[in-house]
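K.L.:
So TrEMBL lists the following for this protein:
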{"type": "TRANSMEM", "residues": "44-64", "note": "transmembrane segment"}
{"type": "TRANSMEM", "residues": "139-160", "note": "transmembrane segment"}
{"type": "TRANSMEM", "residues": "166-187", "note": "transmembrane segment"}
{"type": "TRANSMEM", "residues": "208-226", "note": "transmembrane segment"}
{"type": "TRANSMEM", "residues": "281-301", "note": "transmembrane segment"}
{"type": "TRANSMEM", "residues": "364-385", "note": "transmembrane segment"}
{"type": "TRANSMEM", "residues": "394-411", "note": "transmembrane segment"}
{"type": "TRANSMEM", "residues": "431-450", "note": "transmembrane segment"}
{"type": "TRANSMEM", "residues": "462-485", "note": "transmembrane segment"}
{"type": "TRANSMEM", "residues": "497-515", "note": "transmembrane segment"}
Amino acid sequence: MDDKSKFFRFEAHFKESASYLLTLNSSGYSISLTHNSDGPYHPLLYALLFYFMLLMVYLLASLLQSRMDSSSDDTETAPILRASRTSVNDISEPGPGNDQSSSSFNPATFAPATSTEAENALADTSVKQRSGKLLSLDVFRGFTIALMIFVNYGGGNYYFFQHAPWNGLTVADLVFPWFVWIMGVSMMFSFKAQFRREVTRQAIVWKIIKRSVILFSLGLVINGISNSNLTTFRIPGVLQRLGGCYLFVGIMEVLLFEAPELASAEYWGGWYMFRDLVQPWLQWSITIGLASIQAVITYVLPVPGCGRGYLGPGGLHNYGMYSNCTGGAAGYIDRLIFTSNHIYRSSTARKIYQNSVSHDPEGLLGYLTSILLLEMGVAAGRILITYDDHKNRVFRLLTWAVTSGIVGGVLCEFKKEDGIVPVNKNLWSLSYVLITASFAFILFSAFYTIIDWHKKWGGNPFCFAGYNSILLYVGHELMMGIFPFGWTPVGPYHGTYLLLALWGASLWMFIAYVCHRKQFYVSI
């Protein structure tokens, strides 16, 4: 480059499908818009209007039905306000899978209710429905599985419904952490119910082991859909991560579990108001210790050819200085233990950074921070089984939301790149775990307030999906490529991709509703 040459570096946000003119001269550069995009978000608007019209029609039909029924039974309520389920043993177990003591029915043991009993159950929108369950948790699980199906069907090919290429956070990146968090909440209710029935700790541990093995095995089956070649078979996966974390945290919580009502105010003294935090001090010590180990390994472990502390995607990142270092220490450990043949063969960063090294977003090092996220869900469940007042519960949940959100923001320095601990799903970084947990606390608090506290909504239609989450998860993974469950969209248009995603999510929601009407539930 001679003395008259200049180097310009700039950042710009370009609109989708638009055209720009870049002008360079001796004094600088300019960027001008020459052709605006043709409304890439119009399909989203049309879809929202369509579903809004469906909602209005449903509400109108419900209102008419309610008025017609009121002439014969003044106590009948509109279906939209009904809690659409009968009683079960206790609250849900891990999402996407539910166990036999979850909010899912066990067809082998369920006896159909009489019509009067069923109507009473449908009309019951109390917080502790007939057997002490929170409908809002099933709704949150159902909302999350519906969002997962929508995203897995392509999300209309919108960038915010796709996983972030590397650092950053999109809607798609929220789904998996929410399932981990929900698993923790469910765990507390399940364990409390089993201890009340005087089930031994040993028996509960064996149930945990069984469910963990089933989840892990189902994950392997799903991996085999795309590749059954044993020489290149992928071992890590979503259900494998859920099963492994559930195994560790579940056994830890069972062995150290103490019913909150056993200790009086005199026992706790000045710590009575914080007993949900103080009582599990050992669990928190172990969990935080594991997260600390993850941080130390990530930043201190020397990776051959990459040095210490590299967190990038490799490839073209940093001008190719770390082209074979995708994932840093996390990627190195997975490739060392599983080899490149048995982990995710692609990468969300490959399209941009053109990295050739395999990296698995569900790798081993991420288990340590996933356990922390699961324990934060346990903390939410512990709040719900310890305190009875609605306002107190919501205040504590939102306190967790604010605290975890601020700490996560500080770690990433409230920016996408160059923070101390960037928000990164591929690495399951500590900031990513804390921020997604913050969103989980906020959204669950909203569902809890509307559904279980103020009883303004019965949870339809998401509650149906929440009752049968494992069926929907495994089912959509198996059937996604088979018509009419899925097809190849025609043309590179958001409208055709959005139609596919909405069809897939709506179809599986309808299947969940039919299963609920038939009292058919799949549980682990």
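Using N, Cα and C of the backbone, Cβ positions are placed for all residues, glycine too.
Curation does not apply to TrEMBL; its annotations are automatic.
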K.L.:
For the transmembrane segment (208-226), find every same-chain residue at least 6 residues outside the stretch whose CB is under 8 Å from a CB in it, and list them.
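P.N.:
Same-chain contacts beyond the flanks: 93-94, 97, 99, 233-235, 237-244, 246-247, 250-251, 254, 470, 474, 477-478, 524.
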K.L.:
How about the transmembrane segment (431-450) and the transmembrane segment (139-160): do they have 3 or more C-beta pairs under 8 A, pairs 6 or more apart in sequence?
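P.N.:
They are in contact.
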K.L.:
Mind checking which residues reach the transmembrane segment (166-187)? Cβ under 8 Å, same chain, six or more beyond either end.
P.N.:
91-96, 102, 137, 140-141, 144, 147-148, 151, 155, 159-160, 238, 241-242, 245-246, 249-250, 253, 312-313, 317, 348-349, 352-353, 370, 373-381, 384, 416-417, 422-426, 432-433, 435-437, 439-440, 443-444
K.L.:
Are there residues at least 6 beyond the ends of the transmembrane segment (281-301) whose Cβ is under 8 Å from a Cβ of it, and what are they?
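P.N.:
Answer is 249, 252-253, 256, 308-309, 311, 328-330, 332-333, 365-366, 368-369, 371-372, 375, 378, 421, 427, 429-430, 433.
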K.L.:
By Cβ distance under 8 Å, which residues at least 6 away from the ends of the transmembrane segment (139-160) in the same chain are close to it?
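P.N.:
For the transmembrane segment (139-160), the sequence-distant neighbours (Cβ-Cβ under 8 Å, at least 6 residues beyond its ends) are 40, 43-44, 92, 95-96, 170-172, 174-176, 178-179, 182, 443-444, 447, 451, 459, 461-467, 469, 472-473, 476-477, 480, 486, 489, 492, 494, 497-498, 500-505, 508-509, 512.
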